[in-house]
Structures are given as C-alpha cells and as structure tokens.
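Summarising the annotation, Swiss-Prot assigns active site to Glu193 and lists sequence analysis as the type of evidence. Sequence annotations record features per position, and here Swiss-Prot assigns Zn(2+) binding site to His192, His196. Summarising the annotation, Swiss-Prot assigns N-linked glycosylation site to Asn173, Asn243, Asn385.
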Amino acid sequence: HNVVDYVASAEYKVFAWGLNDPTEGNPTSIRDPWTDASPYTWNSDGMSKYPTTRGNNAIAQDNPTGGSTYINNYRPQSPNLIFSYPWSPTATPPSSYKDFSITQLFYTTNRYHDLLYSFGFNEAAGNFQVNNGNKGGKGNDFAIVNAQDGSGTNNANFATPPDGSPGRMRMYNWTTARPNRDGCLEAGIVIHEYTHGLSNRLCGGPANSACLNALESGGMGEGWGDFYATAIRLKPRDTKNTNYSMGAWAANNPKGIRAYLYSTNLQTNPYMYTSVNSLREVHQIGTVWASMLYDLMWALIEAHGGTYSANPVFRNGVPQDGRHLSMKLVMDGMALQPCNPNFVQARDAILDADRALTNSANKCTIWKAFAKRGLGYGAKYDARNRTGSNK
C-alpha cells in the first residue's frame, strides 16, 4: 500500500505535442497527458509530490546565470497542479514569460520520455528517471532541464553521463529576432537535445556514454536528434514531397540551421553517403544521416500508412504505422550497433532491428531507402574515401 497517492490531476497550458513552434498553433490547456510510462504522473517520483515542474522524469527551472546548480533555481509553483501562464509572441524579454517557458520545457521533455518508453527506452535500457521501481537500470537520474540558460545563446546542449547520473539540458534564448526568441518554445530543439540522451545511453549500453564521440558517430548523434524532431512534427496533410527545416523559428530563418532542408527530393537535398568525405563537422554529417532516415521514414509510411495520433498503436510490439515504425526501428538499431559506429554499421543495425521486430518484413524497403543516397549494399566505409552504392 502506497504512502503517497500518486494520482493527482494536473493541467499544463502549452503548445501541444506535434506543434513544433509558435507558427504551427497556439497554446492550449492539456489535462493529465502522461501515459503508463509515468506511473507516478509527471509531478511525483513515487516518494514525494511536487507542486512545481518537478517529477520522476524531469526537473525544469530557469537558469539565468548559466551556473551548474539547479535545485534551488526558480520554478513556477502551483499547489493545485494547474500550470497556466501567459505568453504572447510580442512579449519581451523572454524572462517575462519564464513560467510559461519552464512549463513548456517540462511538458515536452516528459511527453518525449513517455513516447520513447513505449518504444523500449525504459528503466533497464538506461532511461532518465529518479525512481525505477523494481524495473531494472539505475535510478536517481531524471533529466535536469534548464530554460533560458544564461551560459549561451542561439544554441542548446545536452550532457549525458552513464545511467544513474542525471542528464542535463541547457536551452538558450536566441538573439536572431526582435523580440528575442526562447528555444524552449521550439519543440524540435528540445527533442533534438533529449535524443542525445537516448542515443548516448543506448549505443554501447547505458553504463557507457562515450560511444558517439568519433566524427562519424558523433555526426549520427546529431542526425538522430534532427530525425526524431522532424518525425514528431509531421502533419496529416504531409506527403513525401513535404520538406522540413530544423531550428527555423528559433533562428528566424525559413531555411533553418542546416545546409539543406529535409526532403526526399534529391534536387532539394542532394546529400549522398560520399558527401561525408568532404565534411568535417558533426552537424553537417548529421544532416546527411538524418536525410537518409527521413527517406526511410517516408518509405515505411508508403508501405504501412501514416497515422498522426500522438501515441503509436502496437500489435505484437510492432507500431502499426510507418512513422512510428521508423522511430522504433531507428531506436532499436542504436542498441544493436557497436561503440562509435559508422553509417554502414548503423544501417546494418537498423536491418538487424527489423529482423528482430518483424522477421525482416521491411528488409527490401529499408535497403532501397538507404541505397537512394548511396548507402546501398556496396557502400564501404573509409574515413577519407567512402564508397557509395545505389544498389
């Protein structure tokens, strides 16, 4: 019998899941959005209830000084767990709407925790939770998520120690527009950063968070972040001809912060596997990898249909739509690849993931998608002279 009654209703006024940024909709009040992945709700860790933006999965606060302490930093307080605060696109400075920003960051982080849990990023896999119950892994490692962090601008980052130590996200303000913009309000940036935690915990196992620190593997770390951010923002009206940017709202630039848009069109985005030969920066390499995964997602949507429900529908552990299936296969691949993998090894890990999950039902679809940008059967890794293959 539990000492704490975990089941307390909560409400968050935020940009809902699937809305990437303020250009896509308006804040709405969302009640009790957690899933079974958060049995204590988002505002309890099973031992204590918190009338603020703290719980089992995350602790969200502002951090204007950019310092490393967080526990005594400012958070909105709401004894009735109604986190409803004003925001307007003309409000300035961002600190004037810090309650809204912290709530939004808390919501997006928790919502992504719950989605990834459904795909298998759970306690035993090394996820970010204080209280793991008796479900394996190491606890005491929620995500420390800082809104309006003063240690930088026009960027964001996520630090991932091994399982059992908290991850730390720093979200910055962007000085690219007047008034300045708060990166917390662009869900894709939050998702990109949290995905560093996912990939670093899965690749090489949760006890080793140093398996994505080579140039090519570090590039894929950036690419996975862009891929999940983009897959989550897809809309029902989208088709394989829909192009997406990364970071466009925060950067105040329709092209976003990458060299090319994410597009299945090789004229719009000409990146190929051999493009990596001339790239020396992880975000550039990541854009190549995410472009391949964007192609893969649309190939699986064409094969299985696309659903735009917030949560996947599973049958025998398999997401029943191509969008969520791509997210599941890509995530499973992270855990199957070697430490510091290259593109060829990561591709093979996704094929292995499909074999384990569906008995290779999508083998041809996956090969064809990767071959499109030169990561086909004959592709070979060499740090200075990669060989492409369209077959």
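Backbone N, Cα and C define each Cβ position, glycine as well.
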Glycosylation sites compared (Asn173, Asn243, Asn385) - highest count of Cβ atoms within 10 Å: Asn173
For His192 (Zn(2+) binding site): intrachain residues, at least 6 apart, with Cβ closer than 8 Å: Ala156, Glu222, Gly225, Asp226, Tyr228, Ala229, Met246
Rounded inter-Cα distance in Å - His196 (Zn(2+) binding site), Asn385 (N-linked glycosylation site): 27
When distances run from the Cα of Asn243 (N-linked glycosylation site) to each of the recorded positions Asn173, Glu193, Asn385, the nearest one: Glu193
In three-state DSSP terms, the structure that Asn173 (N-linked glycosylation site) belongs to: strand
Cβ neighbours within the same chain of the residue listed as 'active site' - under 8 Å, at least six residues apart: Ala156, Asn157, Phe158, Met169, Met171, Gly225
Alpha-carbon distance [Asn173 (N-linked glycosylation site); Asn385 (N-linked glycosylation site)] in Å: 39
Neighbouring C-beta atoms (10 Å sphere around the C-beta of His196 (Zn(2+) binding site)): 22
